[in-house]
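Residues annotated as active site, nucleophile in TrEMBL: C89. What TrEMBL lists as active site is H205, E207.
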Amino acid sequence: MAKLRFGIIVFPGSNCDYDAYHAINSVMGEEAYFVWHEDKDLKNPDCIIIPGGFSYGDYLRCGAMAKFSPAMEETVNFAEKGGKVIGICNGFQILTEANLLPGALLRNTNLHFICKEVYLKCENRDLVFTNQIPERPIKIPIAHAEGNYFCDQKTLKELKENNQIVFRYCDEKGNVNKESNPNGSIENIAGIVNKNGNVLGMMPHPERAMEEILGNTDGLYFFKSIVNSFVN
Ligand SMILES: NC(=O)CC[C@H](N)C(=O)O
C-alpha cells in the first residue's frame, strides 16, 4: 500500500515540526513533508498536522496571526471537505483562532509555562484519531503557557452532547479532578474534535512520546489510530 501523506505546516516560530516529521517518517514509516505557511498548495495530503511552537512569536495571542496564512486558508478548505486535520499545542490554538474548533486557550491559571508528563483519559475512542487508544490513562507530555481551555456553557453543552470531548487530564488511576488539572482547563479538557470528527485539537504532544529511548511510547497509540483508520 502507498504510504500515507502527512503535510506538516511550518510557520515562523514552529518548533515541533521536526518532532512530528520524525514521528511520521522514522517511527510510523509513513510519508511526512513540510508545507511552508506561505504556500497555498498543500500537496495532496491524507492528513494535515499543525505542529506545536510559537507561531509568529505568539504575538497578539497564540495562533492569532497564523490563521491568516495562505496555508491555513487552504487547511480550512481541506477540513471543510472532510480532510483530516490535527492541531497539537500551538496547532490547537491556531485551530480555535481559525474557527475550525470552538473555544479558546487561555493563560495557564498559575501563569507559568508548564512542561511535564500528564495522564489523559480518552473519552471518545470511536474517532479516526483515537481508535487504537487503550481504556487505561495514557501518559503524554505537555509544554505550554496557554493551555487553559475555555468555552461558554452553551458550547460546553454542545461538546458533551456531540461526544466532542476527546481527552481530559486525569491522574495515573484515571481520576479527573482539580488535582489532575495542570492548567485550569474547563472540566479538565485537554483535546476536542469538531462535530464531523475530522478536525482534532489537543494541547499534549503525542509526537514527543513515540520511542523507548524517550522513556514513553504512549503517543504511538494516537498515530497508530490514524494509520489504522486509513487501512480499514
Ligand atoms: N509547545 C507549544 O506548542 C507551545 C504553545 C504556545 N506557544 C504556548 O506556550 O502556550
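For all residues, glycine too, the Cβ spot is worked out from N, Cα and C.
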- Task: Enumerate in sequence order the active-site residues C89, H205, E207 whose Cβ-atom distance to ligand 1 is under 6 angstroms.
- Result: C89
- Note on the structure: Rounded Cα distance, in Å, between H205 (active site) and the residue listed as 'active site, nucleophile' is 7
- Note on the structure: C89 (active site, nucleophile) -> DSSP, reduced to three states, gives coil
- Message: Within a 10 Å radius of its Cβ, which of these active-site residues (H205, E207) has the fewest neighbouring Cβ atoms?
- Response: H205
- Once the chains shown are all counted, how many other Cβ atoms turn up within 10 Å of the Cβ of C89 (active site, nucleophile)? 29
- Query: Do you know offhand how many angstrom separate E207 (active site) and the residue listed as 'active site, nucleophile' by C-alpha?
  - Reply: 11
